[in-house]
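Comments concern the structure below.
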Amino acid sequence: MNLSFPLISFIGRDLDLSPSFFGVTTYKPEEMNGTQASNIKDLKMIILQFRAQKPKDWDEDDILQWERSVGEYYRRNYSSPFIHPVVVSLAYTQDEVVRTGLTLFPFISVGFVIMCTFAVITVYIGSAYQNQWSIHKITYALTACVTPLMATSTAFGITIFLGFRFGTVLCVTPFLVLAIGVDDAFLMINAWNRICAQRRRDGIREKLRERMANVLIEVGPSITITSLTNTVAFGMGLFMPTPEIRLLCVATAIAIFLDYIYTITMYAAIMSIGGRFEMGKEICEKVPHNDDRPTKAEIFLDNYCNWLSSCFTSLVMLLMLGLYWWVSIKAGCNARSSLTPEKLFLSDSPLIELSDLRNRYVLPAYAFVTIFVTNPGDLQNASRVERIERMTADFEALPSCNGPQFTRFWLRDYRAHLATEAEEFAEDAIQDPAPFSTEDIKAFIEWPEYHHWGGFMKFDNKTNRLSSFFLSVAYHGSNQSDWTQRLNMLKSWRAVADNYLDIGAIIYEDEALFMDQIETMLPITIQTSIATLICMAVVCFVFMYNLFTVFIAVASITSICIGVFGFITLWGIDLDPISMATLIMSIGLSVDFPAHITFHYYRTGLDPSFTSIKERMLHSLIAIGFPLLQCSASTILFVLCLLLVPCYMGEVFVKSIVLVISLGIIHALVVVPALLCALSNIYQSFIEKRDCQSASSQNTHISKLSQSPMLRRIRSSTGNKVAPLRDNSLPR
């Protein structure tokens, strides 16, 4: 008996310890003095795989319960000062993923309380500033937080009705919908306060229906734009390669659309009920003259709009935007693809420890590929056997292969078995039965030392022939824990298997599903983002019907998304399915900011009462400035609750939302207004001036032509019946 590592000899047979012993330190030959039982000096980890035979009356639930029971025993009842067991199974992995999602759920109530408190406080501040506070505003604020949760619960019911399963990733949906959907209600409350204050100031009495109609006319198009674009953005998640992310995007898209429906129906109805009481208490009185003096906020906005519309601001903004884009794009290009299953677990999960041990000890020493042969054919044909053995040799010829002696291949033991039988038959003068026949192979796996090979084979019940089998080849390398290196190795394996399609060679690697996404994530993310931006542009154009305004809105959305992608990379987030989903989500969230300001600026251009660019921008900021700040602060406060759950998914969503909200509010209140003012100034300075000069030139030419001698003679000869010329292309 030889107990050396990695191969031990036992009763004339070599047994491979490399799939089970890891972190092994061996004695050097000169250190062996003959007293050691083995050459193993130190051993960090042992992996044991237990296989059980399923009882006939067990179903899948019984199997999962058995796996859970085994794991619970070692985690709760077993203790040893020398051994630290870590048990992993499919059931336990599923339970840990579910635990991650369920841990998020209790914090919805915490976030909801924070959101309601913040909503009541900010609604009070906004209403009191405009002298519109009433007890009914509390109802408006609380209902604004309830409506998104109602939409989420309805969306869950619809997704399950449509055949989707309920995954734990859906626990994130209430956070997203509540963070996104509450801003529509804030806009409606602010519009109601502003219109009511104006009516009281002007002494205008109107019906409830008319006032509610004015509110919806004021904010309806902008909340429609943002709701539809958010729905489209999450709808694009259907093209994501990860099933869990697709499920999240579908449920969130449905929930956001339902929140829009509930807002313009149920929430508007609740505002109408409260508005009836508010309008009943209105007292129209003349505003004193001293009330016309501008407040500090009005003075600040006036000075701020002067600053926005200056040429100096435009130049500074362009320089800062250039620097911002350069940093973001450079950081985004250095994004690293990383797909690790532990990102789905809580930070205190034992599976995190197991993954760390695997990356540290297992993968550098033993990474194997499983090769399935699904069409072995008639193995009594020597060419088929030779073909299978040649394929195995090609896999073993790849770099970093541990060697043929570490390959698990039943055919090699079978050949040794045949050689032993041939010797026995020769001694006994018995005729050698047909090798590689089904009967002989089944007799081979009946031997106790070869019985385990039966789990590597599958026989056809109808033909009683070997229909398929698998083998495994082992590899090693210090960089095997790197996902890019593992992807390259996966490609090498597939290239070898492609040369043996005639025998049905197929490879299997446990994490190939994740590795396949490394190269596709970035192209799919870019393609989906471009498609989403195009949809954003179409929706904006339908409601604004102005290429200039739509261009500013789409450019701003693109700028925000570039910043989110770049800065989230600098913040330590890798490119993976979760960050891909958050990037698509960022496109939807970023629409809210430029869409509101550009739409209101576009509307002021249709109103002839606004005679200057500054007045248009001032009115736009008054309309949406406070609601945007309100929405931004409430969203950030709410999603910060996710940080209470120590998991990667919550961290990614918090960082993404904080970035998109921060960059979005900067774009909405600084960048976009400055660009709108700059481009409007350019338009007025050059295009309108040129049009006016052209119109003046045409009028002068017509006047001179009407006084020409030839035209006077024509008039005198025709009795002055020549009609004067008119240029219909000029505005009247």
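Using the three backbone atoms N, Cα and C, a Cβ is placed for every residue, glycine included.
What TrEMBL records for 106-273 is domain 'SSD'. The transmembrane segment annotation in TrEMBL covers 104-126, 138-161, 167-192, 213-239, 245-270, 304-327, 524-543, 550-572, 578-599, 620-645, 657-679.
Between the transmembrane segment (524-543) and the transmembrane segment (550-572), three or more CB pairs separated by 6 or more residues in sequence fall under 8 Å, so the two stretches touch. Remark: the transmembrane segment (104-126) contacts the transmembrane segment (167-192), by the rule of 3 or more CB pairs under 8 A.
Here the transmembrane segment (550-572) sits apart from the transmembrane segment (245-270); fewer than 3 CB pairs are under 8 Å, leaving out pairs fewer than 6 apart in sequence. Most Cβ pairs under 8 Å to the transmembrane segment (213-239), among the stretches 245-270, 578-599, 620-645, 657-679, belong to 245-270. When Cβ-Cβ distances below 8 Å are used as the criterion, the transmembrane segment (138-161) is approached by residues 112, 115-116, 119-120, 122-123, 170, 173-174, 177-178, 180-182, 185-186, 189, 247, 250-252, 254-256, 258-259, 261-263, 266-267, 270-271, 274 of the same chain, each at least six residues removed from its ends.
Away from its own ends, the transmembrane segment (657-679) comes close to residues 179, 305, 308-309, 311, 313-314, 317, 321, 548, 552-553, 556, 559-560, 563-564, 567-568, 571, 582, 585-586, 589-590, 592-594, 596-598, 601, 613-614, 617, 620-621, 624-625, 628-629, 632, 635-636, 639 of its chain (Cβ-Cβ under 8 Å, at least six residues beyond either end).
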